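Everything below concerns the one structure shown next.
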């Protein structure tokens, strides 16, 4: 739809004007309370009638008059802003007004809302009918200012920026689990593929629907937060060519929750594909997979669905899955290999694992039910002995492998820990490793259907990760798992990226351009909670528990290999680094202890979402089980050709990212560049030294994701959860199988909405967007783009004139555009604009460009008409000449000599013509031979060039890997050298101390020996009874008495001083407690004053912006009135 440009004044009726005046006359406010907010009227009171900080209000819904704190009151906007399409256009920007607008729009089924440059989407409880092909074409080619808020508007804006700037774009979806991120990701891809098109139509909507059907089957499951939740992170990459069409595509996945195959929280399910296959397999496939009879129980908890309705839906989904694989070109044999592996995983769970308690080989790990294990071995194409050996039989030293190759030999510590790994652990490791290999294979098959060899220019990335997980929101009493911590960590890092792009980079740009801007205190990012998880250590090789702060992932990696390492010591060290200090206010800490053992609380989203984690058994995630590594070997050595051929083709690939990131086999140059970038993340930096550690791989995967996104221009989409009850229960997917929506479903949980807004810092982002200058352009770029609006300057200087002072040229251009001084600001190298100003200039440029094109078309049509008229005049002259010649021919055609001439003339020219034809034929043959030779040489050169280019690319990638590995090794060597020098210095100091202590000890030993000899001689009567001996005895006894007296005197003095010090200590403790109480009271008062100051500043800025708008409207009215007077 076409809307009026931002800042334009829509025509209002007298009733609307009167209603607005009445609204402003009675000051309306929002009363904020624990249940939400209520509309009220601020009553005027006499000075001194109310205590300081109190105001009197009257509630609108029941007329109650209350005295409330002025901190609990926020200004309300007129009713015309209730359904504002852009939250940045609100007259008063505060939390209650934003939530009121979102609630009003959501109640009208308007789930999309602009929030400045970002998009806010509240997930509907039923699929709305606003994603059709017709709606897509309504947004095609439109600018953001000309369209209503919609997810298609985000895709169109990113696509438009990609075409105009030729720069990579990214769309990042943020939000809680169940807020609709994956669904919106699908809408984005469908829009881009449909609108941009592709060469030869190789990318269709049907193909992408098939892709998401496969991903949903193999990567989604039912959780306590969402009945169809994604259990992996993905980057959808669309590569565009010079014409703006989709040339190639690929999908990279990471952070797959592979352990969900074997164990998961109670009431949650495994991946959907198992239920689809068990319910939808036909009789032939059931017989082949031995699914005619299911086991009564399973060690993995994979059992068929009990409800008939669920079975029917799963059967339909399996048929849809098979059709999707056919669309993507996955052959029947390849599908059969996938079903065989999934069936083997099911049978492994049915087989179970135990230890033999009797016989000569006590304690031997084996299958609990061998008949089910035999079925699994048959499906995998191996013998039962080979399967059992791969799972249970391995060397003891491999049971707990080192997390990094830079530790000592295998016999240092933990060599005997193989007994701690149970038979069930080995079985679970084999099943999870097998499913991880299977999922990587599925992604490779999907990318095989999406890749293309066409040349691509730039890319558009769509990032979709599992949302924030908090079991308490779903009324679950359990603690969050390690997998949920990993997903929350990935979301936290994306939130940090949003904070960095929205606040940090903007403020740094203002500082670099010397632009002074009075902004509220934005607050810190989520770096503290992120640091508690992934803060790296500067010491690479140490195994000791040092005082240097490290994140949870690094502590897990250390505790897993240290003797005596446990979850208790892990949490103790974590709290010592990041927990609240003694006497500190615990409200400022983001890591707190829980009352339950092995539990801890971590504050996500700036402390607005506290998640309780259960760390029991987390160290097992840091231990590499050999059975998991044997899964790939077992599949590659399978006797079934369809299985071994699929996995043997992948065995020769790079192993740096093995098991971490899937989907790096893209065929385009941009896909190769992305793969090289991700590989570089795993080979550079301090964390890359431990890239083989299972815990550090989590950080490296998220680093690779963030590094890929940072190279592009990012568009953020905030997906909000409407209410906690929306997560649903049971096995029915909430979005895919939504039912009719009644009025009760369109209500919002205000408390949940407030927490999400505070956690995402959306209101702060809107404020910096309104008060700052979000749009900016380099001087030269702005002049070249908008000089069409000032034709007199172009005529004065010429179109391609050389500018010595770009800033002065831009100032002249801005003066000629008649912009208000407050709407732009000149920096050192850029010109900055208020929100909406650049959009108005773009619209004026489009109007002027259309006018110029129309004039150009008129000039062209005039020129063509004149040329056509001139051609007609020539044709008229030619016709007259032909008529004259025909008349002359009629006069001579009966003349005999003319007949002879016309008969003989052609015969004379025949011989000459034949010779010319023969010469031309020979020349043509020679040219054909030369052309064939040139074509052959060109083809050979092209093949050589392609081969050399591919070789250069491979060598460049290998060189980059080697260089990065060398850099890591050099960093490691430098750290080891500094550590060695420090240790040598410490050793010298200790040696000096040791020598001094040794001398002191020798002297003391001599004194002791002399005393012993003196005592012995006294006791044995060896000392003479002469005067000298009596004198020495008296001296000795006197010395003993003096020593005892001195000891008693010193003891008494010590007791007196100790009592005095204890009294002083008690006095200081009482004084310290009083000071702490006073300090806390001062801090509370300061926080209240700071909050009040921020609120007053925000209201002042809103009033200032509103006043500037009114002044511009007044100037416009004055100009229109003067123009009307001139016309009259």
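Backbone N, Cα and C atoms are what each Cβ position is placed from, and that goes for glycine too.
Please treat TrEMBL annotations as automatic predictions, because they have not gone through curation.
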The annotated region 'Disordered' range in TrEMBL, which must be one of 957-978, 979-1000, 1001-1022: 957-978
Cβ-based neighbourhood (8 Å from the centroid) of the ATP site, residues 175, 176, 177, 178, 179, 180, 181, 182 excluded: 123, 173, 226, 467, 719, 721
Under 8 Å by Cβ from residue 179 (ATP binding site), counting only residues of that chain that are 6 or more apart: 121, 123, 467, 719, 720, 721
Summary of DSSP states over the region 'Disordered' (957-978), given as helix, strand and coil counts: 22 helix, 0 strand, 0 coil
Packing count at residue 176 (ATP binding site) (other Cβ atoms within 10 Å of its Cβ): 28
Among 175, 178 [binding-site residues], residue with fewest other Cβ within 10 Å: 175
